[in-house]
Each structure stands twice: as structure tokens, then as C-alpha cells.
């Protein structure tokens with residue numbers, strides 16, 4: 001079958017976006033892996049699928065698949081690309097839309113300057129909500145990795161994150177520790193591993209080793225999780241500029257039981273059609 005797609009990115013975190021509203025899209029894990037393959041397919045970190053909403057009062061359904069073919073709960077950079085895509089494709093003329101994801105409703109908004117702000121929902125910290133194997137809900141957990149004990153904050157932004165503070169993201173052992181943290185036995189569903197350098201109380205640098213994709217140029221939910229973790233630890237104040245390898249995001253959080261707001265760009269690189 002022939003499938004139309006758009007190639008997009010948010011700060012270098014790149015996506016193949018599929019319109020499941022105007023074309024039938026039902027792909028096997030093998031086909032998803034083929035699409036994501038940078039040598040034989042289109043190439044991307046994740047595949048985003050736009051579908052009709054399954055409930056009233058919601059505009060669209062948003063599904064996310066990693067490069068390994070597995071479906072995941074949430075992707076912040078993808079959410080920005082999602083709202084840009086549905087506007088550019090004429091699927092809606094609303095500046096703010098309500099979108100259902102695997103883990104709840106999000107409300108991305110297209111700003112006048114072309115950036116997109118996404119209400120990423122309320123962060124969760126209880127170990128059972130991550131999920132993370134621990135008895136207590138504490139701000140810092142000790143995680144044994146590669147003969148080291150790491151001070152780690154665990155946060156769910158609809159998907160699981162483990163965040164640690166490092167002296168420098170340039171020398172952080174992302175390639176070594178990232179996959180070990182991702183598959184650590186205390187995270188039953190695996191985890192995204194964040195490495196955060198504090199610049200000042202309103203700025204950080206961040207690298208993220210993403211679950212199922214490896215290190216990416218940027219991770220929206222990872223940026224949210226890092227800022228939330230830093231604020232809870234008393235290291236940061238909202239709003240925070242997050243500098244990733246792909247560019248900058250602005251993250252704002254008002255505290256417990258309040259949603260995290262993420263603002264940043266979304267870019268269409270090209271459109272095309274592929275035979276599957």
C-alpha cells in the first residue's frame with residue numbers, strides 16, 4: 001500500500017507523521033520499524049499517528065510509536081508537531097485543540113509567533129504511577145548503576161523519566177549509563193534517562209536517552225520532567241529555559257497538582273509517499 005506522510009521535527013527530535021483521518025493506517029511493528037529506519041525507510045525518532053477522536057468534546061486522537069515499533073504514552077516534541085500538522089493539513093482551524101493520548105487529554109495551542117505551547121498535564125511522583133519499584137515517595141531515590149549509586153528523581157509526564165543532575169552534559173556518561181538506566185529492573189516498563197546540568201535558577205542544559213530510541217536531539221517530556229525535578233529539589237524556579245542539542249524550550253510549572261506548560265517550535269521538513 002502507498003502511505004502519505006510528513007517529515008517533521010521539534011528541535012531536531014524528528015518524526016514521521018501519518019494522517020489516519022483521511023487515509024487508512026494500520027501498520028505492523030515491522031512496518032513501523034521500516035518507516036523509522038534511516039537507511040531503508042524515511043527515518044525518524046518516532047512515528048506519530050493522527051486519528052479521529054473516540055469521545056465527544058475531543059478533537060483528535062494522538063498515538064506515538066518508537067523506532068523499535070513499540071507504542072508509548074506521550075511525546076512532548078511530537079505534540080507540538082501534531083498541532084502544527086493538523087493546522088497545515090487543514091484538519092482544524094482551532095488555535096487550541098484537545099487531544100486524547102494513551103495517558104489522558106492534552107491541550108496544545110498554536111501561538112501567534114508560530115511556536116506551540118502544550119499543556120503537558122500534571123506530573124506524577126508516586127512510584128506506582130511511574131511505575132518505579134520503591135517503597136517511599138521521596139524527592140531523591142538512590143539508583144545503583146554500573147557500580148555507582150546515582151541520586152535520581154523519578155517523574156511521570158504521562159511517560160516515565162529518571163532525572164539526575166550532572167556537572168556537565170558534555171561529559172555526562174549518556175551513552176554508558178543511558179541504556180542501563182532505561183532497562184533498570186526497578187522500572188518495569190523501562191524509563192527515559194535525563195542528564196541535567198544546572199546553569200542558573202532559570203536555565204538548564206539537558207541530554208536525554210529515550211526509551212526505545214536512544215539519545216535524541218531533544219525530548220519534550222524529558223525537558224518537563226527535568227524542570228519539575230529541579231524545582232522539587234529546590235534548584236530551579238519557573239519558568240526555565242531548557243537547552244538541548246537541538247535548541248531551546250521554555251518550561252513553566254506552578255507546583256504540585258498544576259500542569260506543566262511547554263513552549264517551542266515545530267517544523268515541517270518535507271512531505272512524501274512511501275510504498276509499504
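Cβ from N, Cα, C; glycine included.
Using a 10 Å Cβ-Cβ cutoff, residue 75 (active site, proton donor) registers 30 neighbours. Per Swiss-Prot, the feature active site, proton donor maps to 75; the stated evidence is sequence analysis.
Residues annotated as active site, proton acceptor in Swiss-Prot: 219. Residue 219 (active site, proton acceptor) falls outside any helix or strand according to DSSP and counts as coil. Of all Cβ atoms in the shown protein chains, 34 besides its own fall within 10 Å of the Cβ of residue 219 (active site, proton acceptor).
There are 25 other Cβ atoms within 10 Å of the Cβ belonging to residue 211 (substrate binding site). In three-state terms derived from DSSP, residue 211 (substrate binding site) belongs to neither a helical nor a strand segment and is classed as coil. The feature substrate binding site is assigned by Swiss-Prot to 13, 46, 66, 76, 77, 159, 192, 210, 211, 220, 221, with sequence analysis given as support.
Neighbour counts were taken at the CB atom with a 10 A radius for the binding-site residues 13, 66, 77, 192, 221; the maximum falls on 77.
In this structure the alpha carbons, written CA, of residue 13 (substrate binding site) and residue 75 (active site, proton donor) are 10 Å apart. Reported as a whole number, the C-alpha separation between residue 77 (substrate binding site) and residue 219 (active site, proton acceptor) equals 6 Å.
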